[in-house]
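For reference, the structure is listed below as structure tokens.
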Amino acid sequence: MQITIERKPLGQIEADALIVPVFEGRRDARFGAEDLFASGEVAGKALEMTLLHHAPGVRATRVLLVGAGAAGKFDAAGMRRLSGAAVRFLKAKSVKKIALVLDSEFSGSNFASAAVEGALLGNFEPDRYKTGNEKKSLDTFIVAGDTPELESAVARGRILAEAQNFSRDLVNEPANLLTPLGMADAARKMAAEFGLECEVLDRDAMQKLGMGSLLGVAIGSAEPPVLIVLRYRPAKSEGAAHLGLVGKGVTFDTGGISIKPADGMEKMKYDMAGGAAMIGAMRAIAQLKPAIPVSAYIPAVENMPGSRAQRPGDIVTAMNGKTIEVINTDAEGRLILADALTYARRQGCTHLVDAATLTGAVVVALGHLNVGLFANDDAMRDRVLAAAKDEGERMWSLPLEDDYKEYLKSGFADIANVGGRWGGAITAAIFLKEFAEETPWVHLDIAGTAWLDENKPYLAKGPTGLPVRTLARLAMDWKA
């Protein structure tokens, strides 16, 4: 989809449709819709859609009045949803060229960025492998406004949304096509296009490094495991900080010997959403060029049953020397992240963020609206929460108290990989804390937010691409 800017009066914009936000309690005297406002048919409620044809005073053939809700509560996140919902509404009607009107009260650059993000995210469909002619997509999205920073804001919004959609495309790939090696190949191609360094560690390299925790997960699969490393190095680094991003890359998760139920297992191609988010974030970071170095580490494996697969009761030795009793082979994400976190620390990362579709327990706790956030450092937690708030990606801080480590006691090894029924999201984070050690670290459990089971007004069902925007913002806003 082409994104353009027009600094013209409203009546001179040529498009198939104009998108005009409307607040609750306000009447817009333009477009000949006074009767609709007076009758209450147009009330301005959030995401309410009213389509006008051949409205007076404009060249566009349609005007879409979109409810923005209460004016005092409308923010960039609201603009992102409004733009995405309007795009999805209009493209269903085969509209090809639309313009979103940013009046003076939307003059802030954050609104322009959010409008572009919403449009690109809303235009995305998980239909790559459909062969019919029924696909509908917009050709052109015009941002109509007059703020001085419009060009840079639109460019930033496009970078972030395209990176997020890149991540969504990766998650949508079926596991027979996106194997661990396939994921590495996608990362290599992206790195070459955007000027990042890319290194891929194979099984032999990981064995030499002592990554027994990661490799234990992979031994049941015919697909070889890899550790994907992406590096961004600024021309001039400010301060000593080096941000490390670690993402779970289980390209298909059967549960292993502790096998999952068949119902819904097809969705387990999305168990690499954390890794895909890190690849997407690095794509955005390469273009936005923050002042600090950023490296991403994506352990990519399949978790399969078989005659060679890891068994419940097995003991593996992680890269940092800790021994782990594998009670449940379906708690594999923490096992691969453990060695990736250790490797990131030894590579010089001073601050760490990991993202993983790690536990069903976080969905029980928070539903599908908030990412579960855990941190061993208050300042690091606050950085991530601030970035998430700015980008409209909802997160909620959960406890990480040492007392929960009691749940992970093993009679045979230093630690068990699961801690029983209660507090499962917390005990998973406590497990990872053993490998982050003293490095300031945030763990994001995205199991409830990485995937939509049905369409939203502003987003197609399937992968969401969270938390790509938060991670890019974190890097861009970093202050020593």
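The chain as shown is numbered from 1 upward.
Heads up, the Cβ atoms here are built off N, Cα and C, so glycines get one too.
Listed in Swiss-Prot for this protein:
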type	residues	note
ACT_SITE	Lys260	active site
ACT_SITE	Arg334	active site
BINDING	Lys248, Asp253, Asp271, Glu332	Mn(2+) 2 binding site
BINDING	Asp253, Asp330, Glu332	Mn(2+) 1 binding site
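For Arg334 (active site), the nearest neighbour among the recorded positions Lys248, Asp253, Lys260, Asp271, judged by Cα separation, is Lys248.
Within the same chain, residues at least six positions away from Asp330 (Mn(2+) 1 binding site) with a Cβ under 8 Å of its Cβ are Asp253, Gly255, Gly256, Ser258, Ile259, Lys260, Asn303.
Take the CB of Arg334 (active site) and look out to 10 A: across all protein chains shown you find 27 other CB atoms. A simple way to gauge crowding: the CB of Glu332 (Mn(2+) 2 binding site) has 29 other CB atoms within 10 angstroms, across all the protein chains here. Comparing the recorded positions Lys248, Lys260 on other C-beta atoms within 10 angstroms of each C-beta gives the minimum for Lys260. A sphere of 10 angstroms centred on the C-beta of Asp253 (Mn(2+) 2 binding site) encloses 26 other C-beta atoms. Under the DSSP three-state reduction, Asp271 (Mn(2+) 2 binding site) is assigned to helix.
In the three-state DSSP assignment, the secondary structure recorded for Lys248 (Mn(2+) 2 binding site) is coil.
Around the Cβ of Asp271 (Mn(2+) 2 binding site), a 10 Å sphere holds 28 further Cβ atoms from the protein chains shown.
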